[in-house]
Amino acid sequence: MKICCIGAGYVGGPTMAMIAKQCPEISVHVVDLNQSRIDAWNSDELPVYEPGLYEVVREARGRNLTFSTNVDQAIAEADMIFIAVNTPTKHFGMGAGRAANLEFIEKCARQIAKVSEGHKIVVEKSTLPVRTAEAVKRILSSSSNGATFDVLSNPEFLAEGTAIEDLLDPDRVLIGGESQAAVKALADVYGQWVAREKILTTNLWSSELSKLTANAFLAQRVSSINAISALCEETEADIDEVSRAIGTDSRIGPKFLKASVGFGGSCFQKDILNLVYLCEHFGLREVADYWEQVVIMNDYQKRRFAERICRTMFNTVSDKKIAIWGFAFKKDTNDTRESAAIYVCRDLLRERARLVIYDPKVSKETIVSELLTALSDLSGTISETDRELVQSNVTVVNDAYDAANNAHAIAVLTEWDEFRELDYERIYDTMQKPAFVYDGRNILDRQKLTKIGFEIFAIGKSN
Ligand code: UDX
Ligand code: ADP
């Protein structure tokens, strides 16, 4: 059997590497239009940082795992084609800022229709609005070579930073489709390492909608606990104690109750906005408003964090040096998409703070590019003043100590483990006084830091 995957990103790359590792008899060909991304997949510096990923890729690459830009050839040879391209929020035209941009999905479907012969199974891996498979099926049915297709929905539930664990031992694998034979063919692939009872099958539309719903529920939990964190800061209740207390209720459960500076990542916001757009489309105003509030609360949490920094630093951060620790949207990934750090930094830059940023896995180019985008309008235009602001007020360094040196404040924006184990006496000595710490992830030892002399502010903790 031959599998092709279109899209060598955070989803396509790790997922296909795992299939290739677990199914040595299946030939897996991952293709992408982006030559430099493919070159990176073929090198020792993978484009995606994920613990354990390199070992999996190294085992399968050259055996039954190939990365290339030969899109047509890979499609033509495959029995099963996964579509794992990006579906970002549209930033133009109808539904701008809400709807998913399905341009890349549609282009893939057209390419598959053009070069396919015989029968193929097409698998939607990307997260898509419910009923996208309808459009995919219609485009595929226009194939001029007489090719026939079954379309399946097989959303990916891996979380970045734990992708390999999640792929090895998923809570469930979801397959939606009409053709029993096609569903079985895909279930047989996962069945090589996933227990059969964990492979759920549904109709196409339930599968598409379940992915959006799962992400909406997860994001809702984070926004719910973050909403309570604001109240904690006013009332001397402690958000970590509240989380523990409610999480022991087996109906609520302990996971995804960690208050933070706000959720980020390529999925949560995009998928909720997508859900909101769909509900609006079907005239479900109340349902749309209900879910939109999860994103509104998240924006509030990010804004509130930057405002708290300004307020507590005597109402001005202008020309003050602030060390930004962490820029990725969570630990153990180099992904910065929708990271809370982007928006906190943007707000601080607008207050004319000088930022010295350190992240163990994110490059300077990525940080600068994210900040320029955040300061641009929807059409991508940025004012000369804002561009200069990024040039003059942002420095990226290779070490947390360097970032903190001579700083007025430290803001922890990603929960990298290394931040827990630094020499805080040394850091305190090198900082301006009072030395402020804003822990946006509640990972630091407040008592210890307070004893050293720091003024520490954390999420959901009153001072
Ligand atoms: C998410 C879903 O978990 C995954 O199933 C889906 O396939 C893709 O979207 P991901 O975005 O990679 O995965 O990471 P996740 O662990 O869900 O974290 C998302 C954001 O929420 C991060 O910014 C994280 O820091 C934040 N978060 C998560 C919290 O602030 N508190 C929590 O308790 C959990
Ligand atoms: P995700 O997190 O969903 O995996 P990424 O943006 O990391 O999203 O990856 C999607 C990949 O899909 C990108 O590398 C992009 O170049 C690729 N891609 C988009 N459209 C096409 C296409 N028509 N053919 C091949 N690759 C594509």
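Yeah, the Cβs are placed from backbone N, Cα and C, and that goes for glycine too.
Taken verbatim from TrEMBL:
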type     : residues                                            : note
ACT_SITE : C267                                                : active site, nucleophile
BINDING  : 7-12, D32, R37, 85-89, 126-127, E160, 267-270, R337 : NAD(+) binding site
BINDING  : 156-160, 211-215, R251, 258-264, 329-330, R441      : substrate binding site
DOMAIN   : 323-446                                             : domain 'UDP-glucose/GDP-mannose dehydrogenase C-terminal'
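Positions of TrEMBL features highlighted on the structure.
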residue : record                   : DSSP (3 states)
G7      : NAD(+) binding site      : coil
D32     : NAD(+) binding site      : coil
E156    : substrate binding site   : coil
L212    : substrate binding site   : helix
G262    : substrate binding site   : coil
C267    : active site, nucleophile : coil
F329    : substrate binding site   : coil
Candidates L212, N215, A259, C267 (recorded positions) - the one closest to E160 (NAD(+) binding site) by CA: C267
Cβ atoms near E160 (NAD(+) binding site) (within 10 Å, other residues, all chains): 24
DSSP-derived class (H/G/I helix, E/B strand, else coil) of N86 (NAD(+) binding site): coil
Entries of G7, A159, E160, C267 (recorded positions) sitting next to ligand 1, with Cβ under 6 Å as the cut-off: A159, E160, C267
DSSP-derived helix, strand and coil totals, residue by residue, for the domain 'UDP-glucose/GDP-mannose dehydrogenase C-terminal' (323-446): 50 helix, 19 strand, 55 coil
Integer Cα-Cα distance in angstrom, Q269 (NAD(+) binding site) to N215 (substrate binding site): 9
Nearest recorded site to T89 (NAD(+) binding site) by CA-CA distance, among binding-site residues E156, L212, A259, G262: L212
Separation of alpha carbons, Y10 (NAD(+) binding site) and L212 (substrate binding site) (Å): 18
Binding-site residues near ligand 2 among Y10, T89, A159, E160 (Cβ under 6 Å): Y10
Nonlocal neighbours by CB distance (under 8 Å) for N215 (substrate binding site), same chain, sequence gap 6 or more: T127, C267, F268, D271, I272
Cα proximity to A159 (substrate binding site), best match among binding-site residues G7, Y10, D32, N86: Y10
Cα distance (Å, whole number) from Y10 (NAD(+) binding site) to A259 (substrate binding site): 25
Most Cβ neighbours inside 10 Å, all chains, among the binding-site residues G7, G262: G262
Binding-site residues (A159, L212), the one with most neighbouring Cβ atoms at 10 Å: L212
Close in space, distant in sequence - Y10 (NAD(+) binding site), Cβ under 8 Å, 6 or more apart: V48, E160, A163, S266, D335
Minimum Cα separation from D32 (NAD(+) binding site), reported as the residue among binding-site residues E156, G262, F329 that achieves it: E156
